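Have a look at the structure below, then the notes.
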Amino acid sequence: MSSRRRWWTLVGVALATFMTFLDNNVVNVALPSIQRELHLSLSGLEWIVSSYILVFSGLMLVGGRLADVFGRRRLFVAGIAVFTGASLLAGLAGSEEVLVFARVLQGIGAAASIPSTLAIISSTFPDPKERSRAVGVWSAVSALALALGPFTGGFVSERWDWGWIFLINVPVGAVTIAIMLAAMQESRETVRRRLDLPGLVASAVTLFSVTYALIEGHNRGWTSGLILGSFALAAVAGVAFVLIERRTTDPMVDLSMFRIRIFSGGTGAMILWGFGVMGVYFFTAMYLQNVLGFSPTEAGAAFVPMALMMAATAPVAAVVARRLGTHVTVALGLALNVAGLVMVSFVGEHGHFMDLMPAFVAFGVGSGLTMMPLNDAIISVLPEGRAGTASAVMNAAREVSGLLGVTIVGAILTTRQASLVRGGATPVHAFLSGYQFALLVAAAIVFVGVPLSLYTLRTKRGTPVVAEPVPVLEPVG
């Protein structure tokens with residue numbers, strides 16, 4: 001493939017990644033406008049947000065495996081076509097039911113296209129240095145999209161009709177499809193394998209169930225029958241998935257991948273990073289609004305400097321990783337994330353936005369140093385035929401750990417807040433105390449990633465991570 005086609009392929013991947021990641025949270029700030037126009041119920045509001053994340057997370061492993069088997073270009077283009085059509089439907093929706101259905105379709109399209117993005121980069125850029133630069137661009141775009149979602153939703157919905165938060169995807173999606181059809185070459189597993197349908201079903205049920213429980217647990221009660229049943233179903237389906245993958249000759253996820261130190265350690269570090277980043281986004285946005293009096297759009301805009309720091313650092317992280325080693329670079333990034341969480345926790349009731357800037361800079365630089373080397377190491381250590389599944393595992397780990405971070409940090413915050421209110425504290429003081437304590441707990445959890453990265457991601461300094469042969473895991477029975 002010519003150099004021009006390679007970099008145009010990266011442009012297409014970046015556009016798709018930005019568009020689908022933006023839709024994770026672009027709708028949140030626009031919910032009041034949508035509710036007024038469509039006369040939405042409370043459950044309708046919740047499902048407009050949750051249905052996309054639920055389907056996207058639940059089908060992520062399925063999308064990655066289908067891309068490996070049937071072709072990444074084919075599934076990527078089909079997924080973006082579905083996502084683009086669903087965005088048009090969402091933007092023109094005149095009822096709650098149509099909008100929720102469109103969000104489900106968006107989730108299906110995103111799950112078909114995004115899990116294979118890093119695999120596409122891996123096959124398009126075989127040279128380690130070029131691949132590191134490409135992964136840096138992908139990481140920067142991902143960070144920008146996640147941070148700009150609330151600001152974009154607020155900016156668009158305040159100035160135009162709320163439907164434009166979805167309709168802006170239509171021309172972007174069309175351009176992305178055109179670029180990928182013209183520039184990208186097809187890639188898939190070199191050995192044709194059967195599709196592991198039982199594994200596909202078990203993985204989807206596991207991820208659907210755990211994602212649903214994490215999203216709905218706060219509203220329905222963590223001890224409600226539905227939530228406990230969802231967690232139980234996730235556990236049963238997860239065990240079934242492991243047993244299925246161990247017994248089949250053509251597994252959907254080759255469990256022997258987790259015997260590779262860099263893959264398993266890198267996935268663990270990604271989970272810890274996702275836990276921290278979603279905690280700081282979600283609850284610091286609440287702090288900005290509930291304590292400092294920011295509007296929703298202002299709160300969304302407050303994260304733009306952090307996103308810009310992530311985007312600026314991610315491409316540089318490849319150079320840092322070559323000089324210091326992946327293990328030191330990721331550990332340094334996670335340590336900066338921890339420092340950012342701790343610094344944010346010390347900004348009190350009478351703080352100002354500029355008091356948060358050092359913490360936001362630390363978190364942005366830390367995330368940039370973490371994301372790019374982790375992504376590059378994980379996809380580089382496996383053979384190309386498993387890159388789609390590996391990319392899907394990593395994306396699923398990040399999505400679910402982010403939800404887990406919001407859930408656990410939120411539970412700590414609300415428990416401490418309720419205790420203080422019962423003791424006579426004002427709601428603002430109770431929220432602030434709970435928020436600060438929860439961030440310190442999150443910092444302690446993220447810190448676990450520092451020694452984990454130093455141990456599992458170690459390679460010779462300046463030596464690129466190269467694919468290891470996947471250990472043979474013999475079928476049982």
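Note: Cβ is positioned from N, Cα and C throughout, glycine not excepted.
Annotation source TrEMBL lists domain 'Major facilitator superfamily (MFS) profile' at 9-461. Mean pLDDT for the domain 'Major facilitator superfamily (MFS) profile' (9-461) in the predicted structure: 80.
Sequence annotations record features per position, and here TrEMBL assigns transmembrane segment to 7-27 (among others).
Marked as transmembrane segment by TrEMBL: 75-94 (among others).
What TrEMBL records for 100-122 (among others) is transmembrane segment.
Positions annotated as transmembrane segment by TrEMBL: 134-156 (among others).
Per TrEMBL, the feature transmembrane segment maps to 162-183 (among others).
Summarising the annotation, TrEMBL assigns transmembrane segment to 221-244 (among others). Non-local neighbours of the transmembrane segment (221-244) in the same chain are 196, 198-199, 202-203, 205-207, 209-210, 212-213, 251, 255, 411, 476; each lies 6+ residues outside the stretch with a CB under 8 Å from one of its CB atoms.
Residues or ranges marked as transmembrane segment in TrEMBL: 265-288 (among others).
Sequence annotations record features per position, and here TrEMBL assigns transmembrane segment to 300-321 (among others).
Here TrEMBL flags 328-347 (among others) as transmembrane segment. Only residues 6 or more beyond the boundaries of the transmembrane segment (328-347), in the same chain, are considered here, and those with a CB under 8 A from a CB of the stretch are 266, 269, 272-273, 276-277, 279-280, 284, 317, 320-321, 355-356, 358-363, 365-371, 373-374, 377, 435-437, 439-440, 442-443, 446-447, 449-451, 453-454, 457.
Annotation source TrEMBL lists transmembrane segment at 359-383 (among others).
Remote same-chain partners of the transmembrane segment (395-414), defined as residues 6 or more beyond its termini with a Cβ less than 8 Å from a stretch Cβ, comprise 53, 56-57, 60-61, 64, 114-115, 207, 210-211, 214-215, 217-218, 222, 267, 270-279, 282-283, 431, 434-435, 437-439, 441-442. Taken from TrEMBL, the feature transmembrane segment applies to 395-414 (among others).
Annotation source TrEMBL lists transmembrane segment at 434-455 (among others). Within the same chain, residues 265, 268-269, 272-273, 275-276, 279-280, 283, 286-287, 327-328, 330-331, 334-335, 337-338, 341-342, 344-346, 405, 408-410, 412-417, 420 sit at least 6 positions outside the transmembrane segment (434-455) and bring their C-beta atoms closer than 8 Å to a C-beta of that stretch.
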Counting Cβ pairs under 8 Å that are 6 or more apart in sequence, does the total for the transmembrane segment (75-94) and the transmembrane segment (162-183) reach three or more? yes
Who are the chain neighbours of the transmembrane segment (162-183) in space, where the CB to CB distance is under 8 Å and they lie at least 6 residues beyond its ends? 4-6, 8-9, 11-12, 15-16, 18-19, 23, 26-27, 30, 33-34, 37, 73, 76-77, 80-81, 83-84, 87-88, 90-93, 102, 152-153, 156
Does the chain bring the transmembrane segment (359-383) near the transmembrane segment (7-27), so that three or more CB pairs sit under 8 Å (pairs 6 or more apart in sequence)? no
Considering only Cβ pairs under 8 Å, which range in 100-122, 134-156, 265-288 makes the most contacts with the transmembrane segment (300-321)? 134-156
